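According to TrEMBL, the feature transmembrane segment maps to B:20-42, B:146-173, B:179-197, B:250-268, B:274-295, B:307-330, B:398-422, B:501-521, B:551-573, B:642-661, B:710-728, B:734-752 (among others). What TrEMBL lists as site 'Determinant of potassium independence' is B:Lys495. TrEMBL lists B:759-771 with the feature compositional bias 'Polar residues'. Residues annotated as region 'Disordered' in TrEMBL: B:759-778.
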Number of protein chains: 2
Amino acid sequence: MSRLYLAADDAAAVSLSGSHLTIVIVVAAVALLALAVAGGLVREVLAAPQGTQRMQDISRAVQEGAAAYLTRQFRTLAVFVVLIPFLLYLLPAESTSVAIGRSVFFVIGAVFSALTGFIGMWLAVRGNVRVAAAARESGEKIAMRIAFRTGGVAGMFTVGLGLLGAAIVVFIYKGNAPSVLEGFGFGAALLAMFMRVGGGIFTKAADVGADLVGKVEQGIPEDDPRNAATIADNVGDNVGDCAGMAADLFESYAVMLVASLILGKAAFGTEGLVFPLIVPMIGVLTAIIGIFATAPRTGDRNGMAAINRGFFISAAISAVLVAVAAFAYLPSSFAGLTDVSDGIAAIDSDPRLIAIGAVLIGLVLASAIQVLTGYFTETNRRPVRDIGESSLTGPATVILSGIAVGLESAVYSALLIGGAVYGAFLLGFGNVTVALFAVALAGTGLLTTVGVIVSMDTFGPVSDNAQGIAEMSGDVEGEGARILTSLDAVGNTTKAITKGIAIATAVLAATALFGSFRTAVEFELANASAGVKEALGSFSSFSLSVDSPNVLVGLIIGAAVVFLFSGLAISAVGRAAGRVVFEVREQFRTKPGIMAGTELPDYGRVVDICTRDSLRELATPGLLAVLTPIAVGFALGYAPLGAYLAGAIACGTLMAVFLANSGGAWDNAKKLVEDGHHGGKGSPAHEATIIGDTVGDPFKDTAGPAINPLIKVMNLVALLIAPAVVTYADNGVLRIGVTVVAVGVVVAAVVISKRRSNSIAPANGDTTEQVETEKVSS
Amino acid sequence: MSRLYLAADDAAAVSLSGSHLTIVIVVAAVALLALAVAGGLVREVLAAPQGTQRMQDISRAVQEGAAAYLTRQFRTLAVFVVLIPFLLYLLPAESTSVAIGRSVFFVIGAVFSALTGFIGMWLAVRGNVRVAAAARESGEKIAMRIAFRTGGVAGMFTVGLGLLGAAIVVFIYKGNAPSVLEGFGFGAALLAMFMRVGGGIFTKAADVGADLVGKVEQGIPEDDPRNAATIADNVGDNVGDCAGMAADLFESYAVMLVASLILGKAAFGTEGLVFPLIVPMIGVLTAIIGIFATAPRTGDRNGMAAINRGFFISAAISAVLVAVAAFAYLPSSFAGLTDVSDGIAAIDSDPRLIAIGAVLIGLVLASAIQVLTGYFTETNRRPVRDIGESSLTGPATVILSGIAVGLESAVYSALLIGGAVYGAFLLGFGNVTVALFAVALAGTGLLTTVGVIVSMDTFGPVSDNAQGIAEMSGDVEGEGARILTSLDAVGNTTKAITKGIAIATAVLAATALFGSFRTAVEFELANASAGVKEALGSFSSFSLSVDSPNVLVGLIIGAAVVFLFSGLAISAVGRAAGRVVFEVREQFRTKPGIMAGTELPDYGRVVDICTRDSLRELATPGLLAVLTPIAVGFALGYAPLGAYLAGAIACGTLMAVFLANSGGAWDNAKKLVEDGHHGGKGSPAHEATIIGDTVGDPFKDTAGPAINPLIKVMNLVALLIAPAVVTYADNGVLRIGVTVVAVGVVVAAVVISKRRSNSIAPANGDTTEQVETEKVSS
């Protein structure tokens, strides 16, 4: 089977020798350097003191809960990692060795994704207590350094493993690397999506459940040790915000590399297969600088200033080094590129300038998103202040103003990302292949900052946990407590920024993957049988033109999947939180000593409930993501499938930013009131903003961030099945069979999850209620 | 200038003589019959007794407020109705007479739209007191009959004026009718959008403002005469739910006719220009039957049973008559059609079966949406029961479960609508022109039910007002009050169903209009200069293929506009409601006699505030709808503009249904608790569901329903500017100029509306707050 990508040029013949090969080896070496740096950071963090015995006990409980969750999750997901490689092997590929490579690298991608999440979290649950101890004993600078370097390990693993995997694939498979990389990216994205959804449900079920019983019903503070859900809440921060986010950004990194290498080969030939590795390699080096440059200085307004300094220093150095690399490595004309088609060689512009321009667009986009997200979610800016004011008229107006802020901010983010895509498109000067590569390079530009971004992000849950441990143990007071509160606030902002960057990479990667989708479909169309051509009718030459009603229907379904996925994730949190509420209430009832402080609650049971429920709940959204593109492709055809992806990208971008920013704004509106505005803690305004924050929890930490891997999983599934969709266009029986199975499984999953009731209220104990409700007249 | 639509055949030569012309005259006569029936219904309603003096006084206050609002609104909008015809005249047209006709019929469309809204409302504000009086004196049957016949007037005006306008255009302009109809549809849609947005802001500002001060702060019941906002609330029901919805459905009706006549000519020749008039003519006849058939019978479970009977009787008769008409009027083969292209004549299938199949799809879709909407919003079904249960854990979980229900229901609606589009597409058997006409015919099928639908919908605000008048006057008690409560509940359901139908017509109409967009662009491309072709590059042959990054960016912007529009509408309600809150509080403070019942509040001031604010707030969303497609078209080109429309349709469908159904479900969850569940009135669960309902108010009555005309306004603007966008593709100066003006105006409007503060809190009195907030550290 010699199928894909061979339309343009003979892949096996792509020369990757001499200097090109040397560079790939250097890239791999830099990737290993990143892992070595991570090792050094682990030693540094672990060497820090761990505080009092009580703090260590609490930390150990969190460690055990987190490890138990991840172990069970990996065991659950193992079935996919075993099953899917076989299915992948059945799909068309250039050769048997490529087919095997794709399956093998699917597993490697999934394992790397899991590993990034696992290592990041492993250190985070150890770093948290050390940050708390440092705040208690050594002051803000040391505490902040430990928190940021704990994050640095996740950052280094993300970029190190991503770059290593891609370099190895290019080294082994050369011209066939793109096909194998699809497997690598798919494995990474699929695992990340499951970790995102599962972790997101866990963390918010525990958080919402703990708040509803603790803060609302019993009137005890957050992180009070009498609340049986507190340990689960802290575990959740780690499995969701930390492991989930690290896996997610690893996936973004891997998929972006996949997209740029696929397109690089078509647009820039051999150089296009190497340059997209050079850019992130530079990013690794500058991330190391950035992580070590992030140290608070006297005169900084707050911790954010130090983090921003690290980010912008590394971004600026990246820009300079990328320009140097482009001039050193790329030729001055398209004709000078190795192994390109005649059409590309005839382009009359300078590939070096295109490459530099595209990478710069990515870096500017990263900075712009940082500023925009800050505007919409920081406490001292107008949107959050407005939401804070609306708390004076009650929770309904808090919800409405937060939703309005979220909807609007989504538009500005979408316009920024759209502007970056359009800017990169213009760099193609009318050649769509080059334009798509420019989009992909903008993505790699964005990703040069990923090492620092992941460090920034992991900083969030580590500080959050440190504060939790401090509060539960009661051993950190005065200055130490103040330090931890300030670190926690910085963590909230970094988390919001990371989400913005993550969704931007998703759009750039997905746009770029469209190019591969087109190549795959066009190759099959060119080689299609007469029967297939007849079955395709006017679509026998490539078109995703949305004026055709069937294509528009595909687009609507793509947008709809984003809505359904979000709705399912939000109601899954509701269901799981309901069971946490019930359990905590039950413990308060059966163990009266808990409230008095004479008896310890059973923390483990809540962790168990969250673990079991989140793993059960992740199946439906997961199946939806994988099977819907298959159903659309086989039932409606390749053109509706392509439009489906476009619909999912457009709607997904907006929905992801809307959910993330509404949630972030509500969170900080609550902090604003807690800082003493509009009546301060305990006032009706505070209660109104707590309600806003609770609504925002599953928005910003479950549904919103999971849309990022969702988009990429769907894109990669579509890309992988595209040849089969075209080839079997005239095989009605097969098409109907695949569609029926795919739709049937999704519908069954949705129905089963509905059976578990949409309500947040406990499943038992409301039977009389149910009967009563039945009697209500229509 | 002989430009559009002449590519396929010579428009002037289209024969519309003999039997064809006779049928058009019959259609016009039936349209006049509808207006005559409306006149009869007006007399019947006005003849009914008006109850006590107090009831009449209240009713008169509502009448005056509503008339004052509409008068001021029409005066404000007059500037558009004067200005736009001139701009329209400047756009390319087949001939000068067509250009003039387009401008003239723009005005007629706008006036008809306004008239439908005005008449419907004029009678509604007179019917309300008569319904209340009938409930008091004559029992449920009579009360319901008056309410439904009051609605029937709006229904008859909607279909009568729509059909009359279309028939006259076809009669005068024959083959050139499509161009002129674009003007007619645009006028109708633009005015409806403004009425929808303005009325929606008015009604919800008054409602939310009244609830926040009355129910929440002062603890007095809804519609309590001591609340200065009650009259405004009742006026709002009429200007929003009644005038706004009637204008909106008139617009849906007109635009659907426009789309089907444009496509009908291309697909079915002369017969295609007449058959789309026959279908709604049948709809008018069956609507008359339906309205008179709607009478409660002994044994009906509730009022909904009678309304459903009327709806399904008229739908069934429509189906039979359409089949008869198709067999009587259409030939048995495409070759038998008059004035069709050779390509169409060669199609080997039966146009009669295609036409009947398409109309049936529309009728089935209408029924399916009715069932689905009922499932998600009725009190005795699972979704609302689940939301009701979630009230036990507080307002946050009520909001979350309502949002999850809304998101999911949007998906199922979108799939239903998508399925209908796909089904109609399949009827084209591979010919896109015929497929698009089938989609349009499905739309006309859907619209045969519109007469009954409008009657059903107007039933809602009339019953709501009747209850308000009864409560404020205190003159209707016991059995009469029970009757009015039951009518009000039926009205809630009919309102939700109407919204579902309205958005379905929007999707079908917009999908069909795509065909006209394509025709217009293709004609210009065929006649484009060499400069234009060079400027268009690979887009010099028609393509809206979303794999090109610029097209994808257009799609993202289209989806983004829906988010921005929704966000703006929601925050506009927040701002206006804030001012109502402030005014009512002020009246309570300065007139202490109000609370004691010794002094009357100044109702007029609140009506004034709502009027002024809603008219001021409607400018921004209105400008956004009209200018964004212009900016996208001139800045990015026709292909991104086409994708923009697709993005707006996909995202708009989902968002509209999400907002409508979340809101409807929250409303009925509140009713569920008020019926005695989960603690009943006054319980924490009740408070939680009131918060949910308040959040849902601007969702379901402002932002959600306004998306329907938004989609059509944008489609028609795109269609009208398409030729200019292509023709001036190589004129950089003009393109930049138009873009800068369009973007500049939109940005200025958004910035100005932001200046008015996003907060619902009163604008003055919070200066200290503001200063404090400024000091919060970042």
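Each Cβ is built from the backbone N, Cα and C atoms, and glycine gets one as well.
Counted as Cβ pairs under 8 Å, contacts with the transmembrane segment (B:642-661) are highest for B:398-422 among B:179-197, B:398-422, B:501-521.
Most Cβ pairs under 8 Å to the transmembrane segment (B:179-197), among the stretches B:398-422, B:501-521, B:710-728, B:734-752, belong to B:710-728. B:Lys495 (site 'Determinant of potassium independence') falls within a helical segment according to DSSP. Of the recorded ranges B:146-173, B:307-330, B:501-521, the transmembrane segment (B:710-728) has the largest number of C-beta contacts under 8 angstroms with B:501-521. Of the two recorded stretches, the transmembrane segment (B:250-268) lies close to the transmembrane segment (B:501-521), with three or more CB pairs under 8 Å once pairs fewer than 6 apart in sequence are set aside. Sequence-distant neighbours of the transmembrane segment (B:20-42) (same chain, 6+ residues past either end, Cβ-Cβ under 8 Å): 119, 123, 149-150, 152-153, 156-157, 159-164, 167-168, 170-171, 270-271, 273-274, 277-278, 281, 284-285, 287-288, 291, 329, 338, 451.
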